[in-house]
Amino acid sequence: MSSPARGATSPGRLRSLGRNLLGLGFVSPYLAFVAVVFAYPFGFAVWMSFHDYFFTAPNVVVEHPFVGFENYVTVLTDPDVRRSFVNILVFLVINVPLTVFASMVLATALNAKLPMRSFFRAAYYVPYITASVAVVGVWLWLFSSGGLVNQLLGDLAPEPSWLVNETLAMPLIAVFVAWKQLGFFIMLYLAALQNVPKELYESADVDGASTVRKFLSVTVPGVRPATTLVLIVATITGANLFTEPYLLTGGGGPDGSSASPVLLMYQRGIEQGSPDVAAAIGVLLVLFVLVVSLINRKLTERG
Amino acid sequence: MKRALPFAAALLILPLAACGGGSGGDAAKAAGSKGPIKIWYANNPEEIAWAKQMVQSWNSAHKDQKVTAQEIPAGKSSEEVIGAAITAGNAPCLVFNTSPAAVSQFQKQGGLVPLDNFPGAAEHIEKRSGDLAQQYKSDDGKYYQLPWKSNPVMISYNKKMFEKAGLDPEKPELSTYDDFLAASKKLTGKGGAKAAIWPAPSSEFFQSWFDFYPLFAAETGGKQLLEDGKAQFTGPEGQRVADFWKSMYSKGYAQKEKYNGDSFADEKAAMTIAGPWAAKVYGEKIDYGVVPVPTSKGTPAADTKTFSDAKSVGMFSSCKNQGTAWEVMKFATSRDQDGKLLETTGQMPVRDGLTGTYADFFEKNPQYKAYADAAAHTVEVPNVPESIKVWQTFRDAYSRSVIFGKSDPESELKKAAAEAEKLAGQK
């Protein structure tokens, strides 16, 4: 009795192993990518953040003594670093809801039967695939003190102007990034909208629901999984803000009001030769993003 | 938006490269070793032209010690690229664009060869550069750089804009702070200039070299930002310079917003702080004159110190044929090659007695004479540990208190001084 049973399970196991092997084959390039490009650097960064570390030439042997939380103390007692985390929080509070709202509304509009729909879909995607440096150039022209926006605003133009205004610099960057990334998030929502059953809209029509009611009661719940994804991706990319404060506000200006943690990581780690301190900022940023993403997830799940 | 991936990748690649690389060997053996070498140079057209002729000239006479040359690879800054190359072990033998401010960091990384390893090196440097050479010594008393060329910064002014503002375009009164402020008022008023002068108000660590530091060098008669580990900028001279710039910003004579482009070339600003490279860049577009940077009481041009904006030649420890590298260094800084550098780029070799040695050039090109005179009175950035951190600390304090007027410069600079002294005291 036992022999046939063994005989019966063996081919099953083999088949199962076969399927697993095939699956493993498919996922292994990505696993290798994650291990080499994300996991190892992250582990190394954590290690660095607890040691006195600086980059040296290959033939130079130096000790990298364990320093405990010293780098974290340096970082947490640095007002510039603390401010950069507040700045990025301001950025996320403006950027993430704006991204979710604008991309969902525009995706819904672009999903309807509009004239020149393909053109509009492509138009929203263009800023996303355009190099940041080029787009920043256009925004500098728009928002500098003598720029087009201030000329249109006339006496209503802010003083000091947008990019040198401590209160407005970071919100402007948040709007810029939301605008630049919009095409990508619209695409996610457009894909999600294809899965919302048309019958629901038809039922709503029969019930006499208005366009706004249909949007709130059918579209928004229908694309909730996409909203969770957009929230998390927008939070992660937003927390890694670098190019805009580097180029748009001249290195995190005015007076550090648009400096981001990644900009400080670049300054401390690459420019100033303190990768250990930069790594400590990086680890704190990862924790910060984890906490914010967790809050986002809880909120969307509850909703 | 740039993600953290490139940064993470850099953190990964650098130590991996450090583990996998291999170079050096015995220092003495390397110092005597001859053979082919690689060099990097800056990527502006004038320096490319000079480097190409220098390399061609060397290679034609040294077939067995061929020099392969290329522009410094693109990056956010040369220092960042060189720092990464040191760590990866693939730095070239020589870089003809080494910033003196980065030398202490490269030295700490073990990336630079002390040139004192080569017989007669210190003598070559000191004979060529005279007293100025001392500013380029590291804290252990050795030369890790050969001071190569300087761009003594001065005030360039647009004659047409000065005339429009009712100012004398040939001999403008700009020697004292009061003169400078009065001229700025006319330039932005009657003259219609958007700014009298428009130094970059951004936060990069090096920006103070082109606003505060030249005036500080002039006001103090040649002090560096730090001397003997002590910050010098909290004294009355530093305070006067800070107050002067604060007035320029608060009165709107200098703009707090960065100009996207070249404000002087676009005639948005009537003045700029620039070195002799300006002659080639602005020479054909703008009719401009040159005066020394102002001081509170006015200093005769011949005695006015200024910032050097110099670049050095560094030899990197990954170089196997250091003997050849040193010979190329000497060749590239010979009297003949220095003359060619002057002719091709308009930049000043850090060489004693410049105007006498190249009298013909200055006779034919009188627009460079003022810069050559200033080159003898230049002040370098202090060669101290954590130099870039020191400058960033200073810049942040200056930006907060002087440019944006958010705090009192005196107390802000005192805080920066304490931090700078702490940083410079680190080994």
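Cβ atoms here come from the backbone N, Cα and C positions, even for glycine.
Per TrEMBL, domain 'ABC transmembrane type-1' is recorded for A:85-296.
Non-local neighbours of the transmembrane segment (A:21-50) in the same chain are 66-69, 71-72, 275-276, 279-280, 282-283, 286; each lies 6+ residues outside the stretch with a CB under 8 Å from one of its CB atoms. Look at TrEMBL and you will find A:21-50 (among others) tagged as transmembrane segment.
Non-local neighbours of the transmembrane segment (A:85-110) in the same chain are 117, 120-121, 124, 170-171, 173-175, 177-178, 181-182, 185-186, 188-190, 192-193, 215, 219-220, 223, 227, 230-231, 234-235, 238-239, 241, 256-261, 284, 288, 292, 296; each lies 6+ residues outside the stretch with a CB under 8 Å from one of its CB atoms. According to TrEMBL, the transmembrane segment annotation covers A:85-110 (among others).
Here TrEMBL flags A:122-142 (among others) as transmembrane segment.
The transmembrane segment annotation in TrEMBL covers A:168-191 (among others).
What TrEMBL lists as transmembrane segment is A:223-242 (among others).
Annotation comment: TrEMBL describes A:277-295 (among others) as transmembrane segment.
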Under 8 Å between C-beta atoms and at least six residues away from its ends: which parts of the chain pack against the transmembrane segment (A:223-242)?
88, 91-92, 95-96, 99-100, 103-104, 173-174, 177, 181, 185, 188-189, 191-193, 196, 260-263, 266, 285, 288-289, 292-293, 296-297, 300-301, 303
Counting only residues 6 or more past its boundaries, what in the same chain has a CB within less than 8 Å of a CB in the transmembrane segment (A:277-295)?
42, 45-46, 48-49, 53, 71-72, 74-76, 81, 85, 88, 92, 231-232, 235-236, 239-240, 261-262, 264-266, 268-270
